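Engineer: Mind looking over this structure? Questions follow.
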Amino acid sequence: MILYLMKRMAGACVVLWVIITITFGLMHAIPGGPFTQEKKLPPVVVAAVEERYHLNDSLATQYWDYMKHAAALDLGPSYKYPGKTVNDIIAETFPVSAELGLISLFLALGVGVCAGMAAAWRKNSWVDYSMMVCATLGVSVPSFIIAAILIQLFAFTWPILPAAMWHGPSYVVLPALALAAQPASFIMRLTRSSILDALAQDYIKTARARGVGTRSLLIHHALRNALLPVVSYIGPLAAALLTGSFIVESIFAIPGLGRHFVTSIYNRDYTMILGITIFYSFLIIMMNLVIDGIYPLVDPRITLQKRKGE
Amino acid sequence: MNTLLDIQNLSISFRTYRGVLEAIHHVSIVVNKGETIGIVGESGCGKSVTAHAVMKLLPKETAIYSPDCKIMWEGTNIVSFTEQEMNALRGQDMSMVFQDPMTALNPVLTIGDQICEGLVLHRRISQQQALYEAEKLLRAVGITAPEKRLHQYPHELSGGMRQRSLIAMALACSPRLLFADEPTTALDVTTEAQVLYLLRSLQQKLGMAIVLISHNLGVIAQMCRRVYVMYAGCVVESGMVEDIFDKPAHPYTNGLLASLPDPEHKDKPLQGISGQAPDLFHLPEGCRFYPRCRHTMQICMKQAPPCYDLGKGHQAACWLLCPERGKYNEIT
Amino acid sequence: MDTRDFEPVDPKCIVPIRIPPQTLRSRGWRQMKQNKLALLGLGIVVIMTSIAIFGPLVTSYTYDDQDFAMANAYPSPLHWFGTDSLGRDLLVRVLYGARISLSIGLAASLINLFIGVIYGGIAGLVGGRVDRIMMHIVDILYSIPMLLYVILLMVVFKPGLLNIYIALGIAYWLNMARIVRGQILSLKKQDYVMAARSYGTSTWHILTRHMIPNCMGPIIVTLTLSIPEAIFTEAFLSFIGLGVSAPMASWGVLTSEGINSMRSFPFQLIFPAAALCITMLGFMFLGDGLRDALDPQNQREGNR
């Protein structure tokens, strides 16, 4: 068990190293370096800036420095916000994103699984059809369009909710809906099809032959088997919420990390982009580790040491 | 009254994307209390569909019961029963042992959970008591260390052990009728013998009726009192096991028996049945067996044969048995 | 009934009943035809593709014709979809957007296909240690959130059509590689491949006659579903300012421009958004239908 955990940790470290190397490499592939801009800066300023950020050192030294700092969880200074480090900004803005993200995560999981169950239970009824129509729309409409529609409907046509900013519970509703809509639709489709799959299995027939009622059949027998694909989707779900947050936070003007990321892309704030990318990657890798831990709880066939099909 | 189950004129069709397909056609089967009957035939002939149809386990969306069919359970027609009414019957009065022990157990629930489920449901006892009962059941079907097995998951048991657990599960509420749908096909020969022996001894103890479905004539001969032979969805011959094996009246039964190896006459060549079972979408007109029959006559290609009674409950559906045929023989 | 009915028939005269053979393909097509949604999807995809190809040829404006006198004009017979803030005809821009968005979807998917099939094919065919190492690399890459790296790539390279093709193409081949490799591995174990090998069929023959046709189903399905994903990703990139550069415009660019003026000129959002969503729906329906029809694992009846 401990050995396994250590192995996984080592694996995660390798992945992180690959990530940092790729990001570092990409950053230095920029022709002319990060401070070459449309506006020409005076050579003295350029030299001073390059001195300050050690851009004159050899690439190997810079890489080594960056790795050392990253290992110490220090993602460096921001180019565009002098005096602030990337760490400062993450610490400042991430709690907001985390709150929104977690609410959306539970919203997507709850709504998706329940709706999927309902659709599977009432297969080929109007419940099923209307849910499937919603879910298909949900996966094929980009989240910024959903956000725009939500704002138009609930902030302007019927002004019952705030259109932007972040000052309390009522400010969470629209962004959380916009963020959760797409993953919820996906989870719904996933749940529905995997429940139908599970219901077609032989053991369901055995259970029916024992006189088990429809409700118990669904909840006791099919759902747990059907949850496996849903659990393994939580990792990609977290990633989807992350990237979704870039858009949703920008549209709703929420002072979270996602909006900051988008701003730093507009500003070409390279250390910021790199730092946040690494931070996000780290987050998702950790998320995957946690999910691997949850897996055996759902499926007794999977032990931590051996995942099915590996 | 001695009849437990009386299936009359049962026809089942399935809606498929290629159109409607009739899987079994006018099947009539009688099961008496405490007796073992066998249903035998090639794979795809409708044996399992018949059993599943009686327990109403066929998918509701695709399976159609013919309007004139009757399934009389102790004098009550259960064709029109709702799912709830069936649930009261299933597991309690009739239950089933399935073919493949590898897939018939829910992988995420323990053996104990799955056995107790039926007990709690039908006997209305507590989970605690049910576990106690389940342990007794597992011991009765010959599983060693049952208290340990109760808390294990299906993937931790061997195939034979899973099949025993399935039998324990089916017998949990002492049903009066047990469908055994090829219970030994997935097992190796030694386990097969054990399972069959187990079934027979439990039957004697509990006095239940068994419908044994198999393509293995040896198993049928060993276990059953009466036999139904099915071909392409129809019962072609039925009767006492000794009549079927000693005086088969239908050429298909004859062919099945001739394809068994006979250890006493090793030099006698084995005779199979030529051709293959028909695709149910492209059934021949007239008798369904004529393309493979050795005795095909003109009439076989035009009209399906009626059932002829040969006495002592021995019946067969073949034109060879038609009394009119004697006249032809006289002329020629 | 007369006595002649009982005349025996010579077994040689009995014509065996011919059962028309059913290939997976004919069976798949039959299932597709019954799936109305999939047909609808196919229709949408075909229409959108022809619009993308021929649409811009028959219009009287070009995508960068500016007409400040007509800026932000509402839809009218002159400009069916209205005009944008620079007075450019929105219909024409949506038609050109179709070209750009669909070409991004197609190009990215084809690059995926190319890399994925080669990578997955090599891993699956060679097997053993090579396979283990190659799949380990895929696993590592898999746990990296790819969209972030597409963003990074786009930040580093200049935003532009070609770079979008490349960035999307090289980021999303992992899935294809996994599917191809899994398919080939399971095919290698199939009895008919063993059988073909046992009577001395050449490797090339096994590959072209047995492996590739049987891989086609999942590959086509993955390909179909990766097109909307690429279009989606491009729309996302456009939204955060990393899309194709002006004056060209994809649907993503048009939509995000539309959001900015949504309050005053809703039509500027509605038309490109509708085009985008309808196309996505079309590909989704088509992909789902193809999966139901072509996936050999999914041949159970009544289970969609």
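Just so you know, glycine gets a Cβ as well, placed from its N, Cα and C.
In case it helps, TrEMBL gives these features for our protein:
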DOMAIN    A:94-295  domain 'ABC transmembrane type-1'
TRANSMEM  A:100-121  transmembrane segment
TRANSMEM  A:133-158  transmembrane segment
TRANSMEM  A:170-188  transmembrane segment
TRANSMEM  A:226-252  transmembrane segment
TRANSMEM  A:272-298  transmembrane segment
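Map the listed features onto the structure and describe their local environment.
Structural biologist: Same-chain residues lying 6+ beyond the ends of the transmembrane segment (A:226-252) with a Cβ under 8 Å from its Cβ atoms: 97, 100-101, 104-105, 108-109, 112-113, 143-144, 147-148, 151, 163-166, 171, 174-175, 178-180, 182-183, 186-187, 190-191, 194-195, 197-198, 258-259, 261-262, 280, 283-284, 287-288, 291, 294-295, 298-299.
Among residues of the same chain six or more beyond the transmembrane segment (A:272-298), those with a C-beta under 8 A of the stretch's C-beta atoms are 8-9, 12, 15-16, 19-20, 23-24, 27, 70, 75-76, 78-81, 86-87, 89-90, 94, 224, 227-228, 231-232, 234-235, 238-239, 242, 257, 260-261, 264-265, 304, 307.
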Engineer: Who are the long-range neighbours of the transmembrane segment (A:170-188) in its own chain, taking Cβ under 8 Å and residues 6 or more past its ends?
Structural biologist: 99-101, 103-105, 107-109, 111-113, 115-116, 119, 131, 134-139, 141, 143, 146-147, 150-151, 154-155, 161-163, 230, 233, 237, 240-241, 244-245, 248-249, 251-252, 254
Engineer: Are there residues at least six beyond either end of the transmembrane segment (A:133-158) with Cβ under 8 Å to its Cβ atoms? List them, or say none.
Structural biologist: 115, 164, 173-175, 177-179, 181-182, 184-186, 188-189, 192, 244, 247-248, 251-252
